[in-house]
Ligand code: BGC
């Protein structure tokens, strides 16, 4: 075997190029989830029906999330059946159509249709980009490359907040704000036509020569031999399974159940520890803390988005150095402390002893929350899900876990304000802190370290977790 695995991303422009193009998917995800809050203000001006109906406003906002739930679920299957490249191209076409429909919408109902289409595209992209990137990455830098897609999500959100500010005085603003998102999709569509299919998917489909040709662009000759040898042994071991992939059997394997528990669980905890309450509601939270100026609230939310993107860069560095587990645990530790600070500052305000001081304490809590969340619980769930499933189920399981992410996102986004109304803002943050404690224990118990492991080593790891020290004999017995 090749003696050491030490590819550096910066010395591999080919891999960097593939990652850059694939992670335009993350940009679409981030821009689209960020832009709507600002666009809605202007949509209300153009369509009085929207202005007078909370229901229409909520539908315009949430239909993209609903589309993404379906897109992520179907996207997993598309990935397995047609490959990562076609999945990306399909997502781009649907997304672009959605962007055009939104920009040209003559009434709110057509606009909602556009939002659904864009959501479908984002959902498919949210499964595909991490898997495509993981499958072409050398294992020692896989975490950093998959997390680049997360940087594009957080960068896209930041960009959308800037756009919201920039377009404020232009007539027809919202059409530009929403339509502009089609541009990166068109760019990705054309670039993707030039890029190769994932080598691992090609190998799984017995298109070995094409797979080796792609790998030859990534590795030098000694490492290439090693990688091909790994792929060949794996596909020989697994050929009995691959002939007959049946989705209804996915969860019959104990290994996959464990992997999905770790992956899907991380996705749920990413959302239930409150990231999007902060991303979607930071202006509101700032106002709840006693700062009543709109401008200040919007400015602070821009700072939050900027911090979030900056923290992701740190995550890109740490994920392959510290590892997924340590990074997630460190991140959750800080998130718990920040949520307690947030909760305390709101408790003090509502008990009447509140002053400007506690308002600032809340802002400090928010900033700390983002600083701790962004390098860890932001990128770790997406990375882990791109690497913990066996080849033949990577699409479908990745799709299911992304669906868990989008469903949880919707639940949190829909309930935060009502829960805060019902029990108070301080207790709401305490509830989220309690969930973060559960997440910490969950990571300790169920999430193994996958830093630097090859996909085959990851499969072995699950076998050992499922069957103990002699995993092959035991799992043979089960079969
Ligand atoms: C999450 C998104 C979130 C974003 C914010 C991503 O990892 O999946 O739901 O909006 O991070 O930073």
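Glycine residues also receive a Cβ, built from the backbone N, Cα and C atoms like all the rest.
Where the annotation comes from TrEMBL, it is an automatic prediction and has not been curated.
Pulled from TrEMBL, these are the features on record:
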type     : residues : note
DOMAIN   : 18-451   : domain 'Major facilitator superfamily (MFS) profile'
TRANSMEM : 21-43    : transmembrane segment
TRANSMEM : 55-77    : transmembrane segment
TRANSMEM : 89-106   : transmembrane segment
TRANSMEM : 112-132  : transmembrane segment
TRANSMEM : 144-162  : transmembrane segment
TRANSMEM : 174-195  : transmembrane segment
TRANSMEM : 296-320  : transmembrane segment
TRANSMEM : 327-347  : transmembrane segment
TRANSMEM : 359-384  : transmembrane segment
TRANSMEM : 429-447  : transmembrane segment
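Between the transmembrane segment (174-195) and the stretches 89-106, 144-162, 296-320, 327-347, 429-447, it is 89-106 that has the most C-beta pairs under 8 angstroms. Listed by sequence, the residues of this chain that lie at least six past the ends of the transmembrane segment (327-347) yet keep a Cβ under 8 A from its Cβ atoms are 266, 273-274, 288-289, 315, 318-319, 358-359, 361-362, 364-366, 368-369, 371-373, 375-377, 380, 424-427, 429-430, 432-433, 436-437, 439-440, 443-444, 447. Contact count against the transmembrane segment (296-320) (Cβ pairs under 8 Å) is highest for 359-384, out of 89-106, 144-162, 359-384. For the transmembrane segment (21-43), the most Cβ-contacting stretch among 55-77, 112-132, 144-162, 359-384, 429-447 is 144-162 (pairs under 8 Å).
Beyond its flanks by at least six residues, the transmembrane segment (429-447) meets 258, 261-262, 265-266, 269, 272-274, 277, 324-325, 328-329, 332-333, 335-336, 339-340, 342-343, 346, 377, 384, 419, 423 of its own chain at Cβ-Cβ distances under 8 Å. Through the fold, the transmembrane segment (112-132) approaches residues 18, 22-23, 25-26, 28-29, 32-33, 36, 59-60, 63-76, 78-79, 84-85, 87-88, 90-103, 105, 146, 149, 178, 181, 185, 198, 382-383, 385-386, 394-395, 398-399, 402-403, 405-406 of its own chain, all at least 6 residues removed from its boundaries and within a Cβ separation under 8 Å. Note on the transmembrane segment (55-77): residues 32-33, 36-37, 40, 43-44, 47, 49, 87, 91, 94, 108, 111-112, 115-128, 247, 395-400, 402-403, 405-407, 409-410, 413-414 of its chain, located 6 or more positions outside it, place their CB under 8 angstroms from a CB of the stretch.
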